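Listed in TrEMBL:
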DOMAIN    6-362  domain 'Acyltransferase 3'
TRANSMEM  29-46  transmembrane segment
TRANSMEM  70-90  transmembrane segment
TRANSMEM  120-140  transmembrane segment
TRANSMEM  184-205  transmembrane segment
TRANSMEM  211-227  transmembrane segment
TRANSMEM  269-290  transmembrane segment
TRANSMEM  345-369  transmembrane segment
Amino acid sequence: MNRSPYWDIVKGIGILAIVIGHTGLAHRFLYLFHVALFFFITGFLYNEKKYAGNPWGYFAARVRGVWPRYMVYTAFFALIHNFCVTHGIYRDQPIYSLPQILGSIFTSVTFQCPEPLHGALWFVPVWITSAALFGGCVWAGNALSAKFNRAPSAKDCAPAKDRTETCSDFAAEKPAKLRRCASLSAGIFAMFFGLLGLLLAAGAVTLPLNMHAAALAVPLYWMAWMVQKYRPDYRKFMFLPGWIVSGVFLEIMQRIGCRVNVAVLNIPGVLYYLFSLVGAYHVLSLADFLEKHRFLRPLSNMMATFGKYSFDIMALHFAVFKMIDLLYCRLILHASPDGLSSLPVGFRFLTPVYIVAGVLIPTLSGTVLDQIKRKYH
């Protein structure tokens, strides 16, 4: 699909929510949906025509889209490891030799970067795997529905006094039924993975690379895909009062003690999907409002830019937070308090600085990488 400014705005709001949540500001509210939002976005933008019959191609496309930049940033984290140790950003970490630096870089080839500043990039292998599982569900749904496919028989087409349909009517109706069957079958497979994820969460069973979270996410892809397929007019349901109501609902939920933290298996059962969908509606409604009003165009353009560079922001904002902490300790405190080594942030009162720098500096980095890519391609 062509890049949509609207969906870039959605992603921009989403990545800003992640940065804000990691500063500790409104984190209980934002954690209810901020990670799930990106699963929903990916599901909505799924290209069925291109990938329904090619799940491995879909998996390869997801890897190809993030792996080069992932390696750039994780190599950077490995190269500054010793700097972080000697300046107090890391505690209880060894000084790396050159072979250890190279080992850290090559470990990242399989999305297993060992560096603490890697932080938020735990999401990347989860996103790739969950997208691949969803692509497999769509493929399996199509394969299952094809088992029931057959050409119209002579009996189907034979004229009869009590038959009102013709052979052409039958042929026209059959593909629509098959598509619905394929979608439903894909949904059944997706719900199986969701149930598996819920069971793993309930049993506090963690898997390598947070694969338990990948299983949990698959139904969100399918739900978003259903919106894309069957409600192309979805934006007529997006309006400011809906944004307010959904926000109030989520705030009430977090005030009564509902918590979500996918990375540590803090999942409120099936309510996870309710909070994810309400959160997605909340962000989509806000994005719709920003895009439709001309006086908000500068803000919507800024959010779209953040959305375009959402991966760069995801990758770098922890590092930016710690550089801010280091500058504060060196230039203002002239000391190295314990807060310097606290992740993701050390000093809550610096939250406005964290937020602004945490999105602007990675966006600048992403812009530079894009320019380098264009120059050498």
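Every residue gets a Cβ built from N, Cα and C, even glycine.
Note that the coordinates shown come from a computational prediction; the quantities given were computed from them, not determined experimentally.
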Seminar exercise, completed: Per the Cβ under 8 Å criterion, with at least 6 residues separating them from its ends, the transmembrane segment (120-140) contacts 18, 22, 35, 38-39, 42-43, 46, 48, 51-55, 58-59, 62-63, 66, 70, 73-74, 111-113, 182, 185-187, 189-190, 193, 209-211, 213-215, 217-218, 221-222, 225, 262-263, 314-315, 317-318, 344
Problem set entry | Whether the transmembrane segment (184-205) meets the transmembrane segment (269-290): three or more C-beta pairs under 8 angstroms | yes
Exercise. Any chance the transmembrane segment (211-227) and the transmembrane segment (70-90) are in contact, meaning at least three CB pairs closer than 8 A with a sequence separation of 6+?
Worked result: no
Exercise. Cβ under 8 Å to the transmembrane segment (345-369), counting only same-chain residues 6 or more beyond its ends: which ones?
Worked result: 15-16, 19-20, 22-25, 69, 72, 305-306, 308-309, 311-313, 315-317, 320-322, 324-325, 328, 337, 339
